[in-house]
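Colleague: Let me give you the structure first, and then I'll get to my questions.
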Amino acid sequence: MKTLTIRQPDDWHLHLRDGSVLQAVAEHSAAHFARAIIMPNLVPPVVTTRDAAAYRERILAALSEGSAFTPLMTLYLTESSCADDIEAGFRSGLIKAVKLYPAGATTNSQSGVRNIEAVYPVLERMAKIGLPLCVHGEVTDPAVDIFDREAVFIERVLQPLRRRLPELRIVMEHVTTKDGVDFALSQDENVGATITTHHLIINRNAILAGGIRPHYYCLPVAKRESHRLALRAAAISGEGRFFLGTDSAPHLDPLKECACGCAGVFNAPNTMACLAHVFEEEGALDRLEAFTSLNGPAFYRLPPNEKRITLRRYDEPLEMERKVSVGDEAITVFDPMFPIHWKVED
């Protein structure tokens, strides 16, 4: 029986939702992760520092008594966002990043940015104070194929943004393509990139081959196998600009299993077990800690966690949690399509 002890990991891209779903899922992240960057795409979105403070209180109230989990709050960038409010939130220690959603790119992004020029005054302030911009990197131009939207975003939006504001610290969130990996590698230390658990495991065949599988549908959508392999190479490389952002995104099953299903994969309960499998498969268990526990804090200029966790590998496959109940309904947990042998020890 094999064990691996690492610093406690963090999740640099997490959806906890609100209300009954928040109550049902929060502990699944808190069980393994010390901190998480919390996405602000609620309805209505988390736009102001006051909104973020209130949401943080709701998250803390959803955790078990004595939980040490720390939600790291973000603001949703709109064309009417107030630079002074954002700076005040950052100076107070509450706000750790601002999230750019191109309008219509993903779940609850209708209030996002349609014209990047309109938010440059805010971006300039963020660059000045050192506040990171987390970017959902897809164009929403209907003429662009869904599988090309990340590459086109890099060309149309990210490259001009980098030229105009090279001092702005940017996180390319949930990169899904070799184009994204290569762009991140070509940039200086002001650019980092998160990679999700599921994009290391599935390609687009998982969604489309042999029938529609809605629980593998997410945005950005999984791409072809060559891109998945590029993501794996980046994640296991030890390169400091790549770090874990699970993009765990719960939706109730009826909202996934329908004619027009929601995008999102709920992987919080089994992420660390899945990642241990991936890194073991790649002969890179010695670099799992860098990806999950060291690179993200370094980019966000936070200390790594002092606490350690131990992962244990069992000879026989372990039973995996399949569903999380939310009242009379349920959320399906990500199925990696391989037997789970690793477990975070209590």
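Using the three backbone atoms N, Cα and C, a Cβ is placed for every residue, glycine included.
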Colleague: Which of these, Lys99, Lys128, does Swiss-Prot list as part of the Zn(2+) 2 site with His136, His174?
Modeller: Lys99
Colleague: Of the candidates Leu72, Leu168, Leu219, Leu294, which one does Swiss-Prot list alongside His15, Leu16, Arg17, Asn41, His136, His251, Ala263 as binding substrate?
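Modeller: Swiss-Prot lists His15, Leu16, Arg17, Asn41, His136, His251, Ala263 binding substrate, and from Leu72, Leu168, Leu219, Leu294 it also lists Leu219.
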Colleague: Per Swiss-Prot, what member of Asp182, Asp188, Asp247, Asp253 joins His13, His15, Lys99 in binding Zn(2+) 1 at one site?
Modeller: Asp247
Colleague: How far is it from Asn41 (substrate binding site) to His13 (Zn(2+) 1 binding site), counting Cα to Cα, in Å?
Modeller: 12
Colleague: In whole Å, note down how far the CA of Asp247 (active site) lies from the CA of Leu16 (substrate binding site).
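Modeller: About 10 Å separate the Cα atoms of these two residues.
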Colleague: Per residue, counting other C-beta atoms within 10 angstroms of the C-beta, which of the binding-site residues His15, His136, His174 reaches the highest number?
Modeller: His174
Colleague: For the C-alpha pair, I'd like the distance in angstrom between His15 (Zn(2+) 1 binding site) and Asp247 (active site), rounded off.
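Modeller: Checking the Cα atoms of His15 (Zn(2+) 1 binding site) and Asp247 (active site) gives a distance of 7 Å.
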Colleague: Across all chains shown, how many C-beta atoms besides its own are within 10 angstroms of the C-beta of Ala263 (substrate binding site)?
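Modeller: Its Cβ has 16 other Cβ atoms within 10 Å.
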Colleague: Quick one: of the binding-site residues His13, Lys99, His174, which has its CA closest to the CA of His251 (substrate binding site)?
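Modeller: Spatially nearest to His251 (substrate binding site) by Cα position is His13.
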